[in-house]
Amino acid sequence: MGESSEEKSQPATDKKLRDARKKGQVAKSQDLVSGMVILLCTLCISVLLPKARAQVEALIDLTALIYIEPFAEVWPRLLDHAEQIVIGITLPVVAVTVGAVILTNIVTMRGVVFSVEPIQPDIKRINPGEGFKRIFAMRNLIEFLKGLVKVVLLGLAFYVVGRQALQALMESSRCGEGCIESTFYLVLKPLVFTVLAAFLLVGAVDVLMQRWLFGREMKMSHSEQKRERKDVDGDPMIKRERQRQRREMQALATKLGLGRASLLIGDSGGWV
């Protein structure tokens with residue numbers, strides 16, 4: 001049976017996993033990364049929201065000065081204040097996003113992995129046969145099912161929350177601005193919690209699934225394991241020959257000594 005058609009039923013060796021890691025091939029979960037980004041960014045925005053709200057209210061008050069003070073004096077102040085608001089919100093959110101992506105990937109990949117090989121051109125990626133195989137691969141099927149589960153969960157969440165909040169939203173206009181705001185947060189919070197729970201739940205399951213898929217893809221055949229042992233430990237025939245020579249040398253060493261000598265060489269100073 002050819003090696004290409006041989007069943008890969010053996011788990012990957014440590015050497016193969018190390019070599020794959022050097023090439024950037026590790027189990028990774030983008031769903032968990034997305035869930036952590038959404039979670040931490042939501043917490044970040046909730047912390048920044050009171051200050052940002054006060055700044056926006058100050059910006060609105062500053063805008064009203066256009067009708068009182070000269071435009072040339074008010075406009076630069078408006079731009080500066082708006083710039084401070086944008087920077088004050090954007091920079092922390094970007095920093096939290098980058099930090100969440102890096103830390104979550106480090107945890108899920110069990111360390112830092114850096115390799116340029118995944119972005120190098122590969123003829124297999126444009127091979128129609130390989131592309132057709134990838135379409136029906138187990139990984140793509142699981143990705144499709146994950147996406148379907150997320151859509152169903154989020155759709156149910158929006159339906160349930162929206163149905164419960166519809167009456168409150170319709171009646172909120174009667175009780176003024178404060179009532180509208182409280183109703184908005186009343187509707188928003190369950191949606192946010194549901195989205196976070198859905199992404200984190202799917203992400204946690206995805207981590208286990210990706211590790212299982214990666215282990216499945218890294219499986220080896222008996223021939224591959226034999227070839228790897230040969231590459232690491234050397235050719236078995238050469239090893240046997242070396243062992244034979246070592247035994248001969250050890251046997252020869254037992255025959256040394258004056259008692260077993262058949263010829264002695266010496267000079268006036270003694271025996272050599």
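A Cβ is built for glycine as well, from the same backbone N, Cα and C atoms used for every other residue.
Straight from TrEMBL, the features:
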COMPBIAS  1-17  compositional bias 'Basic and acidic residues'
REGION    1-22  region 'Disordered'
TRANSMEM  32-49  transmembrane segment
TRANSMEM  85-107  transmembrane segment
TRANSMEM  141-161  transmembrane segment
TRANSMEM  191-209  transmembrane segment
COMPBIAS  224-240  compositional bias 'Basic and acidic residues'
REGION    224-243  region 'Disordered'
Range from 32-49, 141-161, 191-209 with the greatest count of C-beta pairs under 8 A to the transmembrane segment (85-107): 32-49
Same-chain residues at least 6 beyond the ends of the transmembrane segment (191-209) whose Cβ lies under 8 Å from its Cβ atoms: 27, 29-36, 38-39, 42, 108, 142, 146, 149-150, 153-154, 157-158, 161
